[in-house]
Amino acid sequence: MDAEALKKYSALHPKPAGLTLHYGTAGFRARAEQLDHVMFRMGLLAVLRSKAVVSTIGIMVTASHNPEEDNGVKLVDPLGEMLHPSWEEYATQLANAEEGELQKIMTEICQKAAVNQHEDASLFIGRDTRPSSEKLAQSVIDGIFVLGGQYHDYGLMTTPQLHYMVRCQNTQGQYGRATLEGYYEKLSKAFTELIKQSPSSGESQRYLKIDCANGIGALKLSEMKPYFPKEVLIHLYNDGTKEKLNHLCGADFVKVHQKPPRGLDMKPNERCCSFDGDADRIVYYYKDAAGHFHLLDGDKIATLISIFLKELLVKVGQTLRMAVVQTAYANGSSTRYLEETLKVPVHCVKTGVKHLHHKAQEFDVGVYFEANGHGTILFSKAAETNIRELAKEEKDDEKREAAKVLENMIDLINQTVGDAISDMLVIEAILALKGLTVQQWDALYMDLPNRLLKIEVADRRVIDTTDAERRAVTPPGLQDKIDALVKKYKLSRAFVRPSGTEDVVRIYAEADTQVSMLLCRMFPHSFPLSSLSNF
């Protein structure tokens, strides 16, 4: 480690006085002007991580669905997964260190993580379309340069595409080619093979309006259009040429406000979807003939995919273990439909994609989606090998064809992380193969009325939870009050949990009717959560 070079370049990326940031599931996020030192230091950390695991590590400059003025950075581990939890702590320590402590802390990280500093380091860098991203990516490169790492700068790309590239590189091409062309070709080939078997070849079934949140998704979908079959008609809105990123549009806006994005003109019964700013979330929606808005969020997406996959697994006759992973925010109707109608096991985990991903890895086929539309499907190595062998060698025609469909689904899915482009193609393929309209998909089950509120508090840590954040342990008496309220209503459920990033308490409640949702309005008054600010 060159102490002089570290000191020289660190001085070019000074840490603002009094600023403290924490690395979480989303990496670091803050106002863009606060992040220059963080980007430089994450370049340093990525080199150390690469040396520690002797693999290529990804660095993505993005703040996803946050406002355009924000930015952020996240590191991507060797198989395209999120950064290992132990290194999240290192990232936080390094980002918050004073200038004079940098070398000391980096030396400590090398000792704790058994980093061989003589190993080579390989990094992949990507960024979103925010005005601040190019400059901040250069700060990352400065950090890589100080420690002598080698890097490939992919420039503008979606977050899921960078995750994909990292996995391709570290599997020596077994997962695919580590190029954008390789990504487009792999997904489009699988998609084309799937819709060839669609019972309907009409263009209207494939007509889709896409709100791209004025983000990177518009650029990458435009590049991918030539790879799609000619009967696939996608129309891009909020493509970034006129408005600001994520402003009154995008998956998060549609989910939270339960209404269409600005800039997308919906006609009755048209199928529409929205990406978020870095294209790792997706939600679908439509307007019925009466003008009512219908949202098909991550729960509906997980259900559609589960129906399709279970049918195929039954056809191939394999005893592969399939499960769906949700968080406490999943609508109770979706959980009941999956467990009682589909007979698919459902597991609830703590909020955060890393928890869902980890749990899904325990099954042969693990489907996970957060209600916000972030999710994917994981196939175990054994299951994938089994399916590919059946697609090639199975003598029974029906079983072999079902296995081929599963094989193409495996290739269409981005198993590294939630990917709006990949998930969109999976959904479109399933709707085409099953001959379903968006209205028929929506009618599988009816969501319970629900509310999600938040209350600012002085210290969110006063609330502690258990049972995947569905029950409060502290303060004493809180859970008893919630239980007493819930008993008054049919199909009701409620919980409170502290935010992972800000001093607010989040309150979720659902019940059988909108009238019963008075529970939500009573909640803060029946137990004065606002008084927690006094703790």
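Here, residue 1 is simply the first one shown, and the rest follow in order.
A Cβ is built for glycine as well, from the same backbone N, Cα and C atoms used for every other residue.
What TrEMBL lists as domain 'Alpha-D-phosphohexomutase alpha/beta/alpha' is 56-97 (among others). Outside the domain 'Alpha-D-phosphohexomutase alpha/beta/alpha' (56-97) by six or more residues, the chain places 15, 19-32, 35, 37-39, 41-46, 48-50, 105-106, 109, 112-113, 121-128, 130-133, 136-137, 140, 159, 162-167, 169-171, 213, 244-247, 250-252, 276-278, 280-281, 353-354, 357, 415-417 with a CB less than 8 A from a CB of the stretch.
If you look up TrEMBL, you'll see Ser64, Asp276, Asp278, Asp280 marked as Mg(2+) binding site. Using a 10 Å radius centred on the Cβ of Ser64 (Mg(2+) binding site) and all shown protein chains, the other Cβ atoms total 26.
Under the heading active site, phosphoserine intermediate, TrEMBL lists Ser64.
The domain 'Alpha-D-phosphohexomutase alpha/beta/alpha' feature in TrEMBL is assigned to 115-170 (among others).
For 178-283 (among others), the entry in TrEMBL reads domain 'Phosphoacetylglucosamine mutase AMG1'.
In the predicted structure, the domain 'Phosphoacetylglucosamine mutase AMG1' (297-435) carries a mean pLDDT of 96. Marked as domain 'Phosphoacetylglucosamine mutase AMG1' by TrEMBL: 297-435 (among others).
TrEMBL lists Glu370, Ala371, Asn372, Arg497, Pro498, Ser499, Gly500, Thr501, Arg506 with the feature substrate binding site. For Arg506 (substrate binding site), the same-chain residues lying six or more positions away in sequence with a CB closer than 8 A to its CB are Leu452, Leu453, Lys454, Val496, Arg497, Pro498, Ser499.
Note on the coiled coil (380-415): residues 80, 160, 163-164, 186-187, 189-191, 193-194, 197, 309, 312-313, 315-318, 320, 361, 363-365, 422, 425-426, 429, 433 of its chain, located 6 or more positions outside it, place their CB under 8 angstroms from a CB of the stretch. Sequence annotations record features per position, and here TrEMBL assigns coiled coil to 380-415.
Per TrEMBL, the feature domain 'Alpha-D-phosphohexomutase C-terminal' maps to 453-516.
Long-range Cβ proximity for Glu370 (substrate binding site), meaning a same-chain Cβ under 8 A and a gap of 6 or more residues, is found for Gly298, Thr327, Tyr329, Thr351, Val353, Leu356. Between the alpha carbons (Cα) of Asp280 (Mg(2+) binding site) and Asn372 (substrate binding site) lies a span of roughly 10 Å. Note: the domain 'Alpha-D-phosphohexomutase C-terminal' (453-516) comprises 14 helix, 24 strand, 26 coil (DSSP; helix = H, G, I, strand = E, B). Neighbours of the Mg(2+) site: apart from Ser64, Asp276, Asp278, Asp280, residues of the same chain with C-beta atoms within 8 angstroms of the site's C-beta centroid are Thr62, His65, Asp128, Thr158, Thr159, Gly215, Phe275, Gly277, Ala279, Arg281, His374, Ala420. If you draw a 10 Å sphere around the CB of Asp278 (Mg(2+) binding site), it holds 33 other CB atoms from the protein chains shown. Note on Pro498 (substrate binding site): other Cβ atoms within 10 Å of its Cβ, all shown chains, come to 21.
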